[in-house]
Amino acid sequence: MASFKPTKIQIYPQLGAKVTQDTLYWKNYKAPVQVKEFGAITNIDFSPLAPHNYAVTASTRIHIYGPFSQEPVKTFTRFKDTAYSGRFRSDGQLLVAGCEDSVVRLFDVSGKVALRMFKGHTKAVHVADFTSDCYHILTCSDDYTCCLWDIPNSTELTKYKEHSDYIRCGATSKLNKDLFVTGSYDHTLKMFDARVQKSVMTMDHNHPVESVLFYPSEGLLVSAGGRYVKVWDLLKRGQPLVSLKNHHKTVTCLCLSGNGQRLLSASLDRHVKVYNTTNYKVVHSFDYTASILSLALAPEDESVVVGMTNGILSIKHRKTSEEKQGPTGQPRRQPVFRVFVKGRNCVPKQDDFLVSKSAKSHLAKYDKQLKRFNVSKALDTALESWKKNRKPEITVAVIKELDRRGTLKNALAGRDEQNLSQLVNFLIGNVVDPRFAPVLVTATEMILDIYKAVVGQSSVVDRQLVRLQELVEREIDYQQDLLEVLGMLDTLFASTLPRKEVPCPGNSQPNGLAEVDPGPQLRVA
């Protein structure tokens, strides 16, 4: 008896992903190195000086890692509660951080004990950063205030209280020591000038603001909050330019590439999106295993460092030119076809003893049911496979096999309301697909012939049949419109193309007709 042949699942062509220069650039990183921290990682900041160490703020400590170290080279633990926003000064010698206990601490990178402690806030300080002149510190707190502090005298210079909710993000200008921007959970962004006693500009983000970022020219400002990333034109009094909605959950942090031409945003949806700052389209995306709270890029984009809610620090290093090539200095070659067919045509020698073992065939569940002639169960299994894996080609292949056997009508008949509803739902989703239409149109006609006598007894099935009818009618209208457009295009092309005369051998007439000899003529006297 011949063995059972499993159902052949047709492989349909798929469009490949478009490979761009951004794809090649952002995929040129090694496998990520993961380091476990003591808590959720709230901030990552790179030192501006070589070798570009980076500070990781997590739980009650700040770790400083070297560019290629998996163990911290320095640790600051002088915090009584959760630390926030550990950032380097522009000379890389000092580090400032806020804390849940409302105290701001200033550290020398080469020491351990805090050089200064700034006390003035009444609640947690989530933002601490240096101004461009290196002599002042900006702090923002949950007590709705932001302050400027003088480092040499450890005194408070100015305090602003214009927000009505927590201030969770802020950025200082690198071109002007007096300008800074704050973002609050009251949905507003405010720009302050230290020479004025109130804010000079206010922008409404319409969502709690989680992160703000200046462009290098500082003519544009980027804010992140909710699912939105928005760009503001500061030269036009904070006019909104672009609103991006490419994440599924709250966007938590922003970052710019080394050349300032790519904008990165990270979100709780575990994705990092890379935007082109010319047209603000997504050019690449990174996926991670947990929600992202912090993101930083090393100078020249040599490393991508991401901090997650589960305390995992993920570091991706860029591949060097030697790692892109093989050990001999030549580019790595992909396996050729002969590697995969090696040994396939091998013939045993005269003295060889061949031990053969029959390969056991593993059938899919629907094939096992087809083998037992349980056609209805086979179709039910294929529908469950589509519902579970979203692979309609399997269900279509089973329907095609049942039609070939002549048992499709038996498999479709005798169904209750739930099974019939599931089958009609599958037809609604795939009957107009040109890949599956030749098979599913036949199944649809059979269903209508079988169940036309019971139409009207189930409101659920009746609604689905009406929807299926509207879908097919709409597709027919599309096809008719396309045929009309095709006819117009044929006429247009025929009228615009130059006419060419086709010469006929042995004939000088341009129309291809041979000249007829009239013969001798009679002369009448």
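Every residue, even glycine, has its Cβ placed from backbone N, Cα and C.
Annotated repeat 'WD' per TrEMBL: 118-159, 244-285, in sequence order. What TrEMBL lists as domain 'U3 small nucleolar RNA-associated protein 15 C-terminal' is 348-492. Look at TrEMBL and you will find 501-525 tagged as region 'Disordered'.
DSSP states for the repeat 'WD' (118-159), grouped as helix (H, G, I), strand (E, B) and coil, give 0 helix, 24 strand, 18 coil. In this model, the repeat 'WD' (244-285) carries an average pLDDT of 92.
Using DSSP to sort the residues of the repeat 'WD' (244-285) gives these counts of helix, strand and coil: 0 helix, 23 strand, 19 coil. Secondary structure of the domain 'U3 small nucleolar RNA-associated protein 15 C-terminal' (348-492) per DSSP, as helix, strand and coil residue counts: 107 helix, 0 strand, 38 coil.
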